[in-house]
Amino acid sequence: MSKAGGNKGGSRTGGRGGAGSSNLHVRVKKKAGTTKESSRRWLERHLNDPYVHKSRQDGYRSRAAYKLIEINDRYNLLKKGQKIIDLGAAPGGWSQIAARIVGSTDENPQVVGIDYLHVDPLPGVILLEMDFLDDEAPQKLMDALGDKPDLVISDMAAPTTGHRRTDHLRTVHLCEVAADFAVSVLKPGGHFLTKTFQGGTENELLALLKQKFRSVHHVKPPASRAESVELYLLARDFKG
């Protein structure tokens, strides 16, 4: 349930063109009996990804930082003083971005993240190391935040099996659980952002969101690789 990326920084850093470019292309040599071809291709792509390079330069925990930055640049979801819950927070990027934009501090934390994977401490973020699917997780999140959230964000994705439909169904299930949580805790006027995969089985989820929010649509930020089936569902203006 860990997040595929990390974030931090001001509300309008990075942006669509912020990844930069490099003429240096890294090739990963194949050694017989050591590296699977698929793993070699992934590593080579990762090493040559401009968002990966920029995330290191900017101090973000991973390239997915730019996904939230780009979505926020377009839709202005994050605002000073908001309270945020981050589901599937590892390695901490989205919590990092949220904390900086809303002005969360250790003295007055306004961001709570949860993941069963360990997340290194982040300024202004309360981190719960537990599975969001555990029965007690929702209440622990609310107790830690101390108020209803203005925004619930989720970059959760089930571990991939290599079977596209299976991966899609498992991730959609996480989306549904996250959506059920969001509609049970959000403040009126709040927003919900969640990762999903293309696959055409989200009808029930979309129906729920359209019933509960005034605006629902898919978003694919530039930082999401073009060849990836990854999408984000953005539901805005919770009816309460």
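In case you wondered, yes, glycine gets a Cβ from its N, Cα and C as well.
Binding of S-adenosyl-L-methionine is annotated in Swiss-Prot for Gly92, Trp94, Asp115, Asp155; the matching candidate from Asp131, Asp134, Asp143 at the same site is Asp131.
Comparing local CB density within 10 A for the binding-site residues Asp115, Asp131, Asp155, the maximum falls on Asp155. With a 10 A radius on its CB, Lys195 (active site, proton acceptor) counts 25 other CB atoms from all the protein chains. Taken over all pairs of the listed S-adenosyl-L-methionine-binding residues (Gly92, Trp94, Asp115, Asp131, Asp155), the Cα spread reaches a maximum of 17 Å, rounded to the nearest whole number.
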